[in-house]
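**Q** Grabbed the feature section from Swiss-Prot, which reads as follows:
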ACT_SITE  His117  active site, pros-phosphohistidine intermediate
BINDING   Lys11, Phe59, Arg87, Thr93, Arg104, Asn114  ATP binding site
Amino acid sequence: MAVERTLSIIKPDAVAKNVIGQIYARFEAAGLKVVAARMAHLSRVEAENFYAIHRERPFFKDLVEFMISGPVMIQVLEGENAIARNRELMGATDPRKAEKGTIRADFAESIDANAVHGSDAPETAVVEIACFFPSLEIHSR
């Protein structure tokens, strides 16, 4: 199994609910290590650049508005198959379809306010991590 890194964002809805610690506990219980982390209030430009892949999608404007609506917690997770493991923890994008016990089933409000973001592939993870963390700020442990 490969040790990977993935980007995770705890979105404004989950930050506002004060469940950061509960989400971190799930990461750690699944064998994922937080190797970089910071809280930020994204600017419109940062959110638009981060989600640029969705620029032509009908939900893009609402997604950007949501992501700049409050602080987010951004972290790099590291571990065996970190990308797939994190995606399992998150659950389906639509919390109504997410399996019981997943982050989205337990903490998300809607398909828009869905608590967390996670990289979907190794190539995406590299690009997403670089958006928020220079390599000097990431510390394997």
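Note: Cβ is positioned from N, Cα and C throughout, glycine not excepted.
Locate each feature and note its surroundings.
**A** For His117 (active site, pros-phosphohistidine intermediate), the Cβ neighbour count at a 10 Å cut-off comes to 21, with all displayed protein chains included.
When Cβ atoms from all protein chains are considered, those within 10 Å of Lys11 (ATP binding site) total 23, not counting its own.
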**Q** Out of Thr93, Asn114, which of the binding-site residues has the smallest number of neighbouring Cβ atoms within 10 Å?
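**A** So among Thr93, Asn114, the binding-site residues given, the one with the fewest Cβ atoms within 10 Å is Thr93.
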**Q** Go through Arg87, Arg104, our binding-site residues, and report the one whose Cβ sees the most other Cβ atoms within 10 Å.
**A** Arg104
**Q** Once the chains shown are all counted, how many other Cβ atoms turn up within 10 Å of the Cβ of Phe59 (ATP binding site)?
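**A** Other Cβ atoms within 10 Å of Phe59 (ATP binding site): 12.
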**Q** Can you tell me the CA-to-CA distance separating Arg104 (ATP binding site) and His117 (active site, pros-phosphohistidine intermediate), as a whole number of Å?
**A** 10
